[in-house]
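Pulled from TrEMBL, these are the features on record:
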DOMAIN    2-99  domain 'Spindle assembly abnormal protein 6 N-terminal'
DOMAIN    104-133  domain 'SAS-6 coiled-coil'
COILED    115-429  coiled coil
Amino acid sequence: DLAVRLTDDTDPFFLYNLVISEEDFQSLKSQQGLLVDFSAFPQKFIDLLQQCIQEQNKDIPRFLLQLVSSAPALDHTPVSLNVVETNPFKHLTHLSLKFLPGTDAEIKKFLAKCLKCLKEDKMMLEEKLKKTEEDLTRQLSYTQQSLSEKSRELDKLKNEWTSYTTALSNKHSQELTSEKERALQAQTQYQQQHEQQKKELENLHQKNIQQLQNRLSELEIINKDLTERRYKGDSTVRELKAKLSGLEDECQRAKQEVLSLRRENTTLDAECHEKEKLINQLQTRVAVLEQEIKDKDQLVTRTKEVLDATQEQKVILEESTEEKQKHIEKLETTIKSLSAELLKANEIIKKLQGDLKTLMSKLKLKNTVTIQQEKLLAEKEEKLQKEQRESQEMGQSLRIKEQEVCKLQEQLESTIQKLEESKQLLKTNENVITWLNRQLSEVQMAKKLDSPASVHAAGRATVSPLSMPDRPSFHSSGISHPISPLYAFQNFLEPTQSKTGNSQCPVQLNSQLSKLSRCSDTHPANKENGDPLGLESKYLKKKDDSIPLRGLSQNTLSSEYLRPYLPAKAQPSAKAAATPASAYFPG
């Protein structure tokens, strides 16, 4: 059996059933004229329903499903479901099935089944939710662990990267200095090579220009000759064309005259033929008259008169005929002479045509030669233009190179000025260092001679006349009690090292001052003579355990503080006094 059920998702109590057996189908088939068997009917019914679903969204659907009931409302009355095809002519019902409303028991069963399906779906969804929550919690914990690991790795990488960048910057600074030296050497070499190439190219360019100018003058001369020849050929062609046109006109005139003479000749021939006919008629008449004279002697007189008249007429006609024959002969002679002249004119025309053909062929040859020469000239001009462009480009490149050389010279001059300024700074720095060296040596000598207490008193005595504070405080080192100038100076150098990053004038100041004492012992003569007493070259070399003197700040050591301790030669001028002590120690 085939069971069909009609339901509504919005109304759970809407239920219509249809059960079709094979016997029922046979009666339905005979009633509605179906062409399908019972086995294929379900699939065909499904196809019809699918077509109705496809057509439902269209404005004018082709297939429609109609639910028709006899009652005005669907109140447990049988219903017919019709599958209708719409045409502009008619609505065709392909199939109509009668559905019975469901009983209370059937509706209860249907609702129970729906509840059961909904509960199963709910259970399935709850299980899926639990699984997804567990998976998400696992993924969250895993991602948090991976995040912490990655953050640690990132910190490590940052530390490595900072160390690597510092090392690279040091390497690059060294490589930069070496590359600058190489670039200067290469620049000098390139300048020499460039000057040599410039001279060679100028020589080659001048030679090429001279050759091309010579070649151009030759080509201009050849072009002039060819143009003159061309103009001469054009003039001769024009003259010959004029002569030809005149001869053609004369020939046409002669032809017209010949045609007119032929027409006159034909008219004259016709007249002669008519007169000959008349003569023959008159002769026959004479013969008749002679016979009549013989027959009739009576009419002799009359006939004689008639004969005389006829004879006179005959003479006149003979004369006229003779004259006409002479005229015809003259016309024939003129026609013969005209034909001979026409033949001569035709021969002349043929000769002229042959000459014209030869001249045209020569002209064509000349035109081809001139075209080739013009092409060659154009090629030469293009080559000349190319070479001129190349020369211009070379000149531009030379100017650019000269500008670059000028810029490099200006850079050289600026670097030389900077070198001189740095030398002056170095001199002032050396003077300051010598002064500091003297102060250190004096303090060391005082330390050797006197006791520590006397050293402290001497330190205070030396500081107080110079308007120095009795208790200098070094905020960076945290010292706020009375100290000696040497200790203050040593502690002063340490914060300056931490403040400034660049070291341009490194000076070694060891905690052991034995070396300074040796230096003061070995150079007493210089001190007596008034020469400046300075550190040896070994103390100016940079070592691993040395303390670099990187710069003196304006707040702690000004030029006014250093002026009383400097010698007369090393004392700064009024302009230098206003400058901070960092100018003497560039950092």
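Every residue, even glycine, has its Cβ placed from backbone N, Cα and C.
All TrEMBL annotations are machine predictions without curation.
When averaged over the domain 'SAS-6 coiled-coil' (104-133), pLDDT in the model lands at 92. With a cut-off of 8 Å between Cβ atoms, the residues of this chain six or more beyond the domain 'SAS-6 coiled-coil' (104-133) that come close are 7, 12-13, 15, 17.
Counted with DSSP, the domain 'SAS-6 coiled-coil' (104-133) comes out as 30 helix, 0 strand, 0 coil.
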